[in-house]
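The block underneath contains the structure these notes are about, expressed in structure tokens.
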């Protein structure tokens, strides 16, 4: 039985906690948003300035581009003619974050579909992460979302571009809801059809209704209910928390939306502060969020801090001048930055710190799940568990995972060597599919793998660890293919949000 199925049966609700990025209970992103960066499952989202109201409705050709009858369009975009080259050319100063989010989504997929192999080597602290790290991947989603959502805003703040900052804030807030919830509604709609036709097993099968009209009406009501931005969300999955009855892992989307609004509010509140005060303010929010048991806010806010730190350490990568609001002279600041870049000692120290952060982060991502998190867990968790605040209760597992996610993203952001694998063309492609991988993997698990592939495997190959490999390979290829289709729909939803913005906004003189 897959881990996601057993968890849902125990909790009575679907879990993709692992994602939690803050997204998590024990299994859930993202983003993640608007390359935007994919939602959970999110993406590094850039917000354009509002276009004029006079922009026309996109033509039929524009809306249908990419859906034309072209034999190559059936294939995943990466293996279409020119596909690999396209992703080679897609580069930005933070493109590695897209890929990191994509691989985090892949680990969530592994976490939900397969249990930890019963072979001792797979139980070692670092090797076990792909099978137990789902909740930590959600936390990584949230850190990346905080980074990419604030990146352009922080850049405009540092350049003191108040008009552009207002435009970007208005655009981001207006489109964020549509970008997250319309794509989620599409994913749950696909799940509703699978349930109606009896293809879907697992925790969602009891939603099946006798008529198509009844099924679609039930889905619509569920989609409206789970699109409530004011619902009870706490950053981890548990009985009574907010989630969709058609696709349980999407419980992270309301968390993603709430965290996004926190980021926008923070940038608006702190935009007039000096750099030092703004960074100090971000850590004050982090400290109180830990106290208030909202680890997902910690993760989003740490992403904001990292974005600011990146702009300080590498202004040349972003075309930024030295910030005029630092409490040092411009000449001194330039000299200090020059010394930081040119000094071999400083570069080596930065790399050493990044590797230490990576090791610590990967170790913490291998955290055992409750109740093994306590005295029954492997060394040294019996010593780390008592350090979790006593009032965290069933959210205890989010404490160390939030620290782990911050360490891993920091390590990659500080070290160009660690960034290189994430800049490969295939990595960029996986990053582009991150939301689709996150949204669609549970549908394939319950509609194809468990009812069809798994029985065939047991009957012909047996139940050994090796016997799972052929099915895992086939399922992974199919998931990438389906996620590619999902991302095409997702991009049109993003276009729709931008078009709606052009029809709703007016350009201020």
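Placed from the backbone N, Cα and C atoms, the Cβ positions cover glycine too.
Automated prediction, rather than curation, is the source of TrEMBL annotations.
Residues or ranges marked as region 'Disordered' by TrEMBL: 1-29. Taken from TrEMBL, the feature transmembrane segment covers 94-112, 132-154, 180-199, 290-313, 395-414, 426-446, 466-486. Residues or ranges marked as domain 'Acyltransferase 3' in TrEMBL: 96-483.
By the Cβ criterion (distance under 8 Å, sequence gap of 6 or more), the transmembrane segment (395-414) is counted as touching the transmembrane segment (290-313), at least 3 such pairs being found. Among the listed stretches 132-154, 180-199, 290-313, 426-446, 466-486, the one sharing the most Cβ pairs under 8 Å with the transmembrane segment (94-112) is 426-446. Within the chain carrying the transmembrane segment (290-313), a Cβ under 8 angstroms from the stretch's Cβ atoms is held by residues 20-23, 93-94, 139, 142-151, 154-155, 158, 234-236, 255, 258-260, 262-263, 266-267, 275, 278-279, 282-283, 320, 323, 337, 340, 389, 391-392, 395, 398-399, 401-402, 405-406, 409-410, 413, all 6 or more beyond its ends. Over the domain 'Acyltransferase 3' (96-483) the predicted model carries a mean pLDDT of 89.
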